[in-house]
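Trainee: Dropping the structure in here first, questions after.
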Amino acid sequence: SCVDFQTKCKKDSDCCGKLECSSRWKWCVYPSPF
């Protein structure tokens, strides 16, 4: 299973879909467009 937006995570693969695990916040975020 995976975790959704703004849910605590340890690595990118913890997050659903294209979400990434933010190293700053330690939760899943949408990838930066930049």
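Note: Cβ is positioned from N, Cα and C throughout, glycine not excepted.
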Trainee: Could you identify, going by Swiss-Prot, the member of Cys15, Cys16 that forms a disulphide bond with Cys28?
Mentor: Cys15
Trainee: Disulfide-wise, see what Swiss-Prot says Cys9 is paired with, picking from Cys2, Cys21.
Mentor: Cys21
Trainee: What is the total of other Cβ atoms whose distance to the Cβ of Cys2 (disulfide bond) is within 10 Å?
Mentor: 12
Trainee: Output, ordered by sequence, the same-chain residues six or more apart from Cys15 (disulfide bond) with a CB under 8 Å from its CB, or 'none'.
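Mentor: In sequence order, the residues whose Cβ lies under 8 Å from that of Cys15 (disulfide bond) (at least 6 apart) are Cys2, Val3, Asp4, Thr7, Cys9, Cys21, Cys28.
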Trainee: Look at each of the disulfide-bonded residues, Cys9, Cys16, Cys21, Cys28, and point out the one with the fewest other Cβ atoms around it within 10 Å.
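Mentor: Candidates: the disulfide-bonded residues Cys9, Cys16, Cys21, Cys28. Fewest Cβ atoms within 10 Å: Cys16.
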Trainee: Using DSSP with the three-state reduction, classify Cys16 (disulfide bond) as helix, strand or coil.
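Mentor: Going by the DSSP assignment, Cys16 (disulfide bond) belongs to neither helix nor strand, so it counts as coil.
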